[in-house]
C-alpha cells in the first residue's frame with residue numbers, strides 16, 4: 001500500500017515541501033484543516049479569482065478511486081497494493097492537477113478531492129462519515145466523479161444509490177432555499193472494467209432510470225415538490241477498459257478522458273450533433289461562483305453545517321440486515337445462474353469476435369431452467385426478511401437476470417436473422433446459376449418466393465424455441481417483421497443485381513451491333529464516286545450527305561430492339577414498372593455512350609486521316625469508270641489534284657457536327673432519352689456518363705454534346721490531310737516525269753565500245769580474271785550473309801582510330817621541338833577567330849558536326 005507522503009495532514013506544523021503532493025482537507029475524525037488557504041497560496045490558486053475548478057471522486061472503498069485520479073490528473077494520492085484489501089484513503093484529500101502532458105488542452109487550476117470510500121470494513125456499520133463526506137463533496141464540487149464497476153450498475157448499495165438518496169435529500173434541505181437559487185452540478189459516472197458485453201448506452205439508461213426513481217422518492221422542501229433531478233444535476237457517462245487485463249487500452253482511454261477536463265459551452269443549437277464523448281466537462285453553470293481566496297472559508301462553513309446536522313441518520317438496523325442478506329442471497333443464486341448462462345454468453349462472445357455468430361442449440365431450454373431456478377431459490381431464502389427490501393431486491397435480481405437473458409435471446413435472434421438472410425441469398429443465387437447453366441429460361445420471381453417461405457419458416461422455429469416463460473419482454477413479433485423486411489430488401493437487391501446483369505448483357509449486344517453497323521457506314525465515305533467526275537459543288541452522294549441520318553436510324557432501331565429484349569426478360573423477375581422504367585432509361589443513356597465512343601473511335605486522328613486519304617485517292621487515282629490512272633506528262637495532274645483535294649476537304653465539316661440532313665439540326669437526343677424517372681436513386685446514376693443537354697449541372701449543352709470535331713482539331717486535321725495529299729500529288733508527278741528521264745539505249749553501246757580494250761585485257765589475263773571472279777564471289781557471299789554493314793563500320797572505325805593515332809603522334813612531335821611549342825602557344829593565345837582542333841576535323845578537313853553540338857552544349 002502506498003501512503004500519502006508529501007501531503008500536509010490536519011494539525012501538522014509543516015513547511016512548504018510538505019504540500020508537494022497536496023493536503024488533507026478533513027481527517028478521519030471529521031476535523032477540518034485550517035491550512036487549506038496556505039496550500040492554495042502555494043499552488044498559486046488564490047490569485048486566480050473564478051479561474052479554478054473543483055472535482056471530487058465518490059465511490060465504494062477499494063474500487064480504484066485514487067488510482068483513477070492519479071492517472072487522470074497526475075496526482076500522488078495513496079493507492080492500495082495489489083496483495084492487500086484494506087482502506088487507503090482516510091478522510092478527504094486535495095491536490096492540484098499535476099498532469100504534465102495535459103498542457104493547454106486541460107483547464108487551468110483544477111483542484112481534485114479524493115474522498116474516503118464508502119462501504120469500508122474499517123468503519124463497518126458506521127456510515128456517518130461517508131455520508132457527510134459525500135454530501136460535502138456534492139455541495140462544493142462542480143463535478144462529482146462517481147467511480148463504480150460495471151457489475152455494480154443496477155445495484156442499490158453497490159452503486160451507492162442509498163447514500164445518494166440521503167445526500168440528495170439533505171442537500172435540498174440545507175442548501176436550496178427556493179426554486180430561484182439552484183446551483184447545478186455534474187454527476188460524472190466512470191464505469192470501470194467495462195468489458196463491452198453490455199453497451200455503455202444500456203448502462204447509462206440503467207443509471208439514469210435509477211437516479212430518476214431515487215429522486216422521485218426523496219422528501220423535498222415546500223415549493224420544490226414537483227422538481228426534477230435534471231434541474232439540479234447534469235449527467236455524463238464514460239466507460240474505461242479493465243486496468244489489469246487491458247492496461248494499454250486503459251491508459252489510452254484515461255489519457256483521452258483527461259483531455260475533456262476543459263472549459264466549454266453547451267450550445268443548444270448543436271445538441272445531439274456533437275459526440276458526447278468529446279464534450280468539455282467544465283460548463284459555466286457548474287461553477288459555484290466563489291472566488292478562490294474565499295473558498296477555504298466557504299468550504300469550512302459547509303463542513304461545519306454538515307457535521308452538526310442531525311438529518312444524516314443511518315437507516316434502521318432491520319433494513320440494513322435485509323439489504324445485507326438479500327444482497328448475499330442474490331450473489332449466491334447468481335453463482336448457480338452463472339454456471340449455466342456464462343458458458344453460453346462466452347460462446348456468443350467468441351462467435352461475435354470471430355465474426356461468425358451461430359445459433360446455439362437448446363438455448364431456450366437452458367435459459368428457462370436457469371431463470372426459474374434462480375427466482376425460486378431467492379424467494380425461498382430471502383422472503384423472510386423486510387418485505388419492502390425483499391421486493392426491491394427481487395426486482396433488482398429480476399432486472400439483472402432478465403437483462404442477461406434478453407441479451408442472449410437478442411443475440412440468438414440476430415444470429416438466426418443473419419444466417420437466415422445469408423442462406424436465403426445463397427439459395428437464390430445458386431438456383432439462378434443452375435438455371436443459367438441449363439441454358440433454359442428460369443422464373444426468378446418463383447425462385448425468390450419459394451426460398452423466402454423456407455427462410456421465414458426456419459426463423460419462426462428458431463425464435464419460438466427461445467421464448468422465456470413469464471417474461472413480458474420475450475416476444476419475437478418485431479424481430480419477425482424486421483426479418484421479413486430484410487428478406488424483401490435482399491430480394492430487391494438480388495433482383496436489381498439480376499437486372500443489372502441483364503442490362504450488361506444487352507449493352508454488350510448493343511455495342512457489338514453498333515460497332516459493326518456504324519463502322520460500315522463510316523467505311524462508305526468516298527466509295528461509289530468517280531474521280532474527276534465527282535461534283536465539286538451541288539448534291540453529295542448518299543454515302544456522305546446522309547451519313548448522320550443513317551447512323552441515327554441504325555442507333556434508334558438497335559436500341560428499340562434492345563429495349564424490347566430488356567422489357568420481356570424483366571417481366572420474369574417480377575420487376576415493378578418503376579424498376580423497368582429505370583432500367584430502360586439507363587439502357588438509353590448507356591447506349592448513347594456506346595455510340596459516342598464508337599464515333600470518337602472512327603474519327604480518331606489515325607482513322608479519320610486514313611478515311612480522308614482513301615476518299616481523296618478514290619477521286620485522284622481513278623477515272624470516271626473507276627479505272628486506275630497511269631499518269632503521263634500530258635495529263636492535267638494539277639487540276640485533277642485540286643478538285644479531288646477540295647472535294648475531300650468538304651467532308652471534314654460534315655463530320656464535325658452530328659446533324660441530320662433533313663433538319664440541319666442535332667437529333668432530339670434529350671427527348672429520345674427522356675427525363676429521369678422519379679424512382680431513380682443515386683446508386684443508379686453513379687456509373688452513368690454525363691450527357692450534354694440532359695445533365696445541366698455539368699455545364700454542357702446539346703450542341704456541344706453533338707460536336708464530334710472541335711475547330712482546333714478540324715484545323716489540325718486539315719493541315720495533316722493537305723500534307724498527305726501533297727505527298728500523293730508529288731508521287732504522281734514523279735511517276736509522270738520518270739517515264740521520260742530514262743537512260744538512252746545508245747549510251748550502253750557507247751560504253752561497251754569505249755571500254756572494249758579493258759574488258760579484253762581482263763579476260764585474257766588469268767590473274768586479273770581469277771581476281772575478278774574471287775572479288776565477285778566474295779561480294780556475293782558478303783551480300784548473302786548481310787555483312788556489308790559490319791564491314792563498313794569496321795573500316796570506318798579503323799580509319800578513325802588511325803586518324804587519332806596520327807594526330808597524337810603529330811602532337812608529340814610538335815611538343816618535342818622548340819619551334820613547335822612556340823607555334824602551339826601562339827595558336828592558343830589568339831584572341832579572335834574560331835579555334836579548330838585537329839581531332840575535331842572530319843575526313844574532308846572540315847569541323848565535325850558532333851564537335852559543333854558539344855560546343856553549343858558548353859555554352
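Keep in mind that glycine also has a Cβ here, set from the backbone N, Cα and C atoms.
The annotation domain 'GB1/RHD3-type G' is assigned in Swiss-Prot to 49-291. As annotated by Swiss-Prot, GTP binding site applies to 59, 60, 61, 62, 63, 64, 65, 66, with the evidence given as sequence analysis. Summarising the annotation, Swiss-Prot assigns transmembrane segment to 743-763, 767-787 and lists sequence analysis as the type of evidence. According to Swiss-Prot, the compositional bias 'Acidic residues' annotation covers 850-859.
Summary of the GTP site environment: with the site residues 59, 60, 61, 62, 63, 64, 65, 66 set aside, the chain residues having Cβ atoms within 8 Å of the Cβ mean position are 117, 147. For the transmembrane segment (743-763), the list of distant contacts is 769, 772: same-chain residues at least six beyond its ends, Cβ to Cβ under 8 Å. Between the candidate binding-site residues, 59, 64, the densest Cβ environment within 10 Å is the one around 59. Cβ neighbour counts within 10 Å, taken over all protein chains shown, single out 66 as the most crowded of the binding-site residues 60, 61, 62, 63, 66. Its Cβ taken as reference, residue 65 (GTP binding site) is surrounded by 28 other Cβ atoms within 10 Å in the chains shown.
A mean pLDDT of 79 is what the model gives for the domain 'GB1/RHD3-type G' (49-291).
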